[in-house]
Amino acid sequence: MQARVRTPWLDQYFVYTSSLGTHTFFMTGLPACFFFGYDQFGRGLLLVLALGVYVSSFAKDVACVPRPYAPPVTRLTISNHHLEYGFPSTHSTNSISIALFIYTHVHRLASLPAPSTNLITTLAPPSDWSISPTTYWVSTVFLAWYTFSIIYGRLYCAMHSFTDCALGAMMGAVIWAIYWVTEDAVENWLIHAGWSVPLLVIPISLIMVNQHPVPIDDCPCFEDAIAFVSVLMGSLLGRWHAVHYGFDASFFGTSMPGSAGSGWADRSMWWSVAAVKMIFGILVIFTWRIFAKSVLHMVLPPTFRLLAQAFTLPNRRFYTPATDYKNVPSELGLRPIPSVIDLPEHLAMETETDYITKASGLGFGVGETELKARSGKVNGNKTVRGYGTVYGVGNEKGNWELEKDGSGKDEVKEDATVKHYDADVLTKVIVYFGIALLACTWLPILFEVVGWGVKSW
């Protein structure tokens, strides 16, 4: 496929549309569901995403199947996804589960009767239109195109094999089907159950984090799984807390300013308030993330060392125990956020274009020869790859460096720089748990109190 259909435009299209299947995209967009009154939709979307990321990352770290070898193919990617194992495809899992999830909600809008749990009936076109047929079919075609772009893009970019994508798509469909059948039961449980909700949700979430398999090589799948499980835990507990302490649907009765009118002034007011809500909400979330990580990185290591004197603490492979270090390096706690102006350049730097040989004739992406642990870095960001040979390694806080041995030959040696710390695991759990509480519960309550409302219409 790369030899026959690859073009520079398609390179750009499939590489950048792949970001629509990443957890970063969803973690940025999901709060809007709760800020504008679509909390059940947001919880459902979060649930299928969290299960998809966790199950697929669990399978990746169990099977430890490499991605397609490069060469002969040329991998095209953004961020550090190339450092993960390949089987199954998390992008495929997410795209299928999201497309089916959103389609069922489009179907609800199009069909007045209660939706059926029968999958054939659910996926059939509605018999009684409450939205226009054009809206229904445009939405359906858009979801199909979204799914195609993500899944075929993983093949085009040589990030996955056909088997990876096929199993990933099957997993996404199963996860959506399970949610579709159990949606009402889960919502009713959160509303009517007592303390059984936190007594079950918290231990199960922590067990999922603790029992995530350890791969052969260090793999970022685990960190994605932690993030989504923690956000899901915060969302479920936030919903339970809200309905049991007076912050249920009857509390959120204020419509957003400007929603009642149809004139230019009312529309301007509505969009202005919507923009302020999003900007303020995202700033609060970023502030919490920075503050919480800083505090936890100071508090947790000495706490772990104190507890280690009484009993043996569990420690995950690739994560250094607190007894072996004094403080978490500051660069792991606070990371700069790139300027919007520099964002295109930043994304280009994160692609696998670190070593592009003139002989290859490629302008985007390279074939790669992997080092022992697939985690070599240049300047802390760039993975060092090449065609059949390592061309050179600049090691600034990286994991590998190129040295000359006695014979004058280049030799790759592993750097002793610590990459992970045990405090990072619990830190990520607490930080993302707090992000979910803020986005799903506390910020909507604040918007209601100050009169901004969460009801869009």
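Every residue gets a Cβ built from N, Cα and C, even glycine.
The following features are taken from TrEMBL:
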TRANSMEM  20-38  transmembrane segment
DOMAIN    44-182  domain 'Phosphatidic acid phosphatase type 2/haloperoxidase'
TRANSMEM  135-153  transmembrane segment
TRANSMEM  165-182  transmembrane segment
TRANSMEM  188-209  transmembrane segment
TRANSMEM  221-242  transmembrane segment
TRANSMEM  269-291  transmembrane segment
TRANSMEM  429-454  transmembrane segment
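For the transmembrane segment (429-454), the partner stretch with the highest count of Cβ pairs under 8 angstroms, out of 135-153, 165-182, 221-242, 269-291, is 221-242.
221-242 is the stretch from 165-182, 221-242, 269-291 with the greatest number of Cβ pairs below 8 Å to the transmembrane segment (188-209). According to DSSP, the domain 'Phosphatidic acid phosphatase type 2/haloperoxidase' (44-182) comprises 94 helix, 3 strand, 42 coil. Below 8 angstroms of C-beta separation, residues 23, 27, 39, 42-43, 46-47, 49-50, 53-54, 57-58, 60-61, 84-85, 90, 190, 193, 197-198, 201-202, 205, 208-209, 212, 215, 248, 316, 425, 428-437, 440-442, 445 of the same chain, each at least six residues beyond the ends of the transmembrane segment (221-242), sit close to that stretch. Mean pLDDT of the predicted structure over the domain 'Phosphatidic acid phosphatase type 2/haloperoxidase' (44-182): 81.
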